[in-house]
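Right, one structure below, let's go through it.
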Amino acid sequence: MLTKFETKSNRVKGLSFHPKRPWILASLHSGVIQLWDYRMGTLIDRFDEHEGPVRGVHFHNSQPLFVSGGDDYKIKVWNYKTHRCLFTLLGHLDYIRTVQFHHENPWIVSASDDQTIRIWNWQSRTCISVLTGHNHYVMCASFHPKEDLVVSASLDQTVRVWDIGALKKKSASPADDLMRFSQMNSDLFGGVDAIVKYVLEGHDRGVNWASFHPTLPLIVSGADDRQVKLWRMNETKAWEVDTLRGHMNNVSSVMFHAKQDIIVSNSEDKSIRVWDATKRTGIQTFRREHDRFWILAVHPEINLLAAGHDNGMIVFKLERERPAFALSGDSLFYAKDRFLRYYEYSTQKDSQVIPIRRPGTPSLNQSPRTLSYSPTENAVLICSDLDGGSYELYIIPKDSVGRSDVVQDAKRGTGGSAVFIARNRFAVLEKSTSQVLVKNLKNEVVKKSSLPIPTDAIFYAGTGNLLCRSEDKVVIFDLQQRLVLGELQTPFVRYVVWSNDMESVALLSKHTIIIASKKLVLQCTLHETIRVKSGAWDDNGVFIYTTLNHIKYCLPNGDSGIIRTLDVPIYITKVSGNTIFCLDRDGKNRAITINATEYIFKLALLRKKYDHVMSMIKNSQLCGQAMIAYLQQKGFPEVALHFVEDERIRFNLALESGNISVAVASATEINEKDHWYRLGVEALRQGNSRIVEFAYQQTKNFERLSFLYLITGNLDKLSKLMKIAEVKNNVMGQFHNALYLGDVKERVKILENAGHLPLAYITASVHGLTDIAERLAIELGDNVPSLPEGKTPSLLMPPSPIMCGGDWPLLRVMKGIFEGGLESANRGAVDEEEEDVEGDWGEGLDKFDVDGMENTDIEAILDGAEAGEEEDDEEGGWGLDLDLPPELDTPKASANARSSTFVTPPQGMPVSQIWSQKSSLAAEQAAAGSFDTAMRLLHRQLGIKNFAPLKSMFLDLFSGSHSYLRAFSSSPVVPLAIERGWSESSSPNVRGPPALVFDFSQLEAKLKSGYKATTAGKLSEALRVFLSILQTIPLVVVESRREVDEVKELVIIVKEYVLGLQLELKRREMKDDPVRQQELAAYFTHCKLQTPHLRLAYFSAMTVCYKSKNMATAAHFARSLLDTNPTIESQARTARQVMQAAERNMTDATTLNYDFRNPFVICGSTYVPIYKGQKDVACPYCTARFVPSQEGNICSVCDLAVIGADASGLLCSASQVR
């Protein structure tokens, strides 16, 4: 049994499969009807209008309807699309056992405990016939799939077959009173429209179920006498064919399988039994421990069954439907219907090759599981689960393709798996011993090899190599050298798919796809909520795979997406261009055409084939929010711009890609304050002051505009802005602008007009405007404020602008392919808008709408000032001074024009970038400023995930490898890279590695200080020193292999000290728990410390145990202490005294979790011993050991790495990567 779906609920009494959709109805003893999607495993809906148990339920085969019958005597017809009951049919006088729709007519048949069967017309909502004759509860009634017959089963120990042919001749909807009267009579006494054709007697107790065969004139029944009976009928009679015995309790339900010659029954004995309908013998039995079975349902189209029991229901298959196949170049070999078949992709020709199983062999769940093909020897290995695992070897004659009469005796053997590993060699797995037998084509063993892990399946992994699968990992094993070439932790792998060049492999689990290299180096992992069924590599290195309901793709970086949906599951065999070749569950070859544009586009982006990307943008119909979001997420907003017409999205993408011109055009179309504000922020970031000015004008942000004019030295526009503030009666704005301009008279005037005469007087007096000050003093009279004495006034004037700046100078670079590629298509619209906008920027102040004034009044103010300026220019006559308007300061030169202006040379590659590209050491990446690369390297090499302790070290490395040269105040600081080992004779064209602030000698000095602190008993300080060393080591670089070994040795030394000091500090905290104190002190002695420190540990443990009356344990520590030949006499004397005291009473007062005779390591988190033979996990960096429950947590010893993570190992020298 292959369970596909299972639910937990109240007792399930009725089940019905939907004929087309992956749905199943389950009616419960609690009165609820559940609608489940068994493919997705989700509850779609529930219907709960019945009162009491619902025993019967059935889907209509074409309408969105289902019918239910319950213990409330009601039959309800429901519409599952509208989620409501359409109507209720009343007439039965007792519990309703089953209900069923007719396959053609608008009829429903129902069976009831009132000893009748009723046939209803659900369109006219009336009962059209009552079938009476049973004299006990009618447990079941169903229509024949083709003929006008009904079969019923009753507790009166009979099965009856009814002829309902006369019903078709009557009107389904009675109209007049006479017909209503006859209807009432038929309700009471039974009508003549349905007559009993056969009464089948043979059961000794009540019959619970009877059903027709879908095509043959057979009936099967199950009863309380624990028997299943098979009946045959013809036009005149029906008779018993055979009795199937085996159930130990009442048989609840029994049915014929829709596709195979088998009978399935279930019983209250908690079992489901499968019987061969031809041989009438039992084939398989499936049992549950606590659940009695009550109902069966068979899917009318596909190989699915369902069974309801006391605590829910299960949907299951009896055997696998995945065909076994093997690909070889342009051809496919696959097994179907006891034949090996051959399919050629180019011609799509399908033919039989040879028979592969003798007729008469039991076939249930013993079909071929895997198939392996050797093209050189034209040999096929077929594996199945027969006899616990077996294989058959066939040599295909060259002239047998297309012929199916060539019979040969296969060479057979037992084994869990069998695959070809060379031209004329194949490997067979012996599961019990985890051995591989290498055999030749004569089926003779030529070699035996033990596998490195307990293996339950083997797969081909290249010539002479095997991929071995265990429960939680896979390894690649070289049979010749007996070496493990690669290992990878995975969920349970079901299928293995190699790429065409054997460089990549896809490992398919139930819900996971793992892409790895040929050495099992992980590339990406993909998780699916729906079961993964198959997959194949296309020509571009993209993995195409199927789930139950989708064809999907997986790119090399792990990005995935849906190509198309599926109606039924398929098994991909090959992908060629836009065609997917696959096998369906019937073993038929199919070719499906797909649209590969989306994943080819993403692959081109991933591989940086930008010319290909541009070509696809121009020629393909790529669109959709998902594509835009993908491009944005992957850092290509400038590409996404080409797919977007919505101005708001275009604006966001333009800002993200820094495309100011497109952003201006979109902001002009949108014309909202928030968008202008964001445009101003981005333009300010780019130093484009003209667009910043324009954006501030559009938002009427006078304060920011004033400050912009101040910092760019544009005093003319600042004075115009002051006039506008005066017109708007904005006193604060006017005063600010006067302050920025240094216009004292204007400030005095503003203060006077605002009524602040004392402030105006002080301002005038301080700045030496005596005439104005005297006039104001007269107006103030006796209230003239006095100026402070004894202080020398200083003039507060803003500095005069030396450079009236425009936009920041930018390096001239070539336009990117995505910016210039579509210029011809988009130039017209965008450039026209841009030119219009640029024309307005020079005198953009005209745009303001001032409260209380017309635009023409403001323009008059501003135009007056400009007219005066123009007159002044004209008075110059024919002078050589030419004042150009701002718009013409930097004219646009034509493409071919020669310019005399200085063009900044293109910037070379920064040294930090050279460092980053050349180095694979994390410390040098951090020194180059590539922190993210450094973190990725540390994560891959050492499994480090917690980078907080390394943050300050990263910053130290970066700042220590750079120096900064300051020049003039107006010029930027010049960064200089400091190289390791630089000398005056070094070549200027060769860049050395960065200088590093951490080296191995520093760590050795720190180690000595840590030893000193430990000896002095300053344990907290010592722990801090050792932990600092442990966290610095990943960022140390050494030169030679010998130094690499010393660094690795230092990691172990420091790890032992950190763990030991943590144990001792923890012990000192636990003053209220003497048992735990003794345990921690005992564990401390098992840390590998220097001899002086080990003596201190022994002495401490001896003292603690002696005080707690654990004399035997104390004596052990005293003996260990004396074995180290202590140099301090007091320690030796105390140890001898303890041993003398212990000899008188060699017992322990308390039991400790400590056994010094059994070797162990200490868990670095829970501080408990992990004895030899127990499972543990390790920190990939410091190698500290932990109990398995700590896997996935941050290591508590080094505080850096993830416990149990995969890591390649410490890389601290360039010599390791040469």
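The backbone N, Cα and C atoms fix where each Cβ goes, and this holds for glycine too.
Residues or ranges marked as compositional bias 'Acidic residues' by Swiss-Prot: 831-843.
Summarising the annotation, Swiss-Prot assigns repeat 'WD 1' to 7-48. Non-local neighbours of the repeat 'WD 1' (7-48) in the same chain are 54-59, 61, 66, 68, 70, 78, 80, 83, 85, 98, 294-301, 304, 306-315, 529-530, 548-549; each lies 6+ residues outside the stretch with a CB under 8 Å from one of its CB atoms.
Mean pLDDT for the repeat 'WD 3' (91-132) in the predicted structure: 93. According to Swiss-Prot, the repeat 'WD 3' annotation covers 91-132.
The repeat 'WD 4' annotation in Swiss-Prot covers 133-172. Remark: secondary structure over the repeat 'WD 4' (133-172) totals 5 helix, 18 strand, 17 coil, with classes taken from DSSP.
A Cβ distance under 8 Å defines the sequence-distant neighbours of the repeat 'WD 3' (91-132), meaning residues of its chain 6+ beyond its ends; these are 14, 53, 55-61, 65, 67-71, 73-75, 77, 138-143, 145-146, 150, 152, 154, 162, 164, 167-168, 170, 172-174, 183, 186-187, 189-191, 193-194.
Here the repeat 'WD 3' (91-132) is broken down by DSSP into helix, strand and coil counts: 0 helix, 25 strand, 17 coil. Here the repeat 'WD 1' (7-48) has, by DSSP, the following mix of helix, strand and coil residues: 0 helix, 25 strand, 17 coil.
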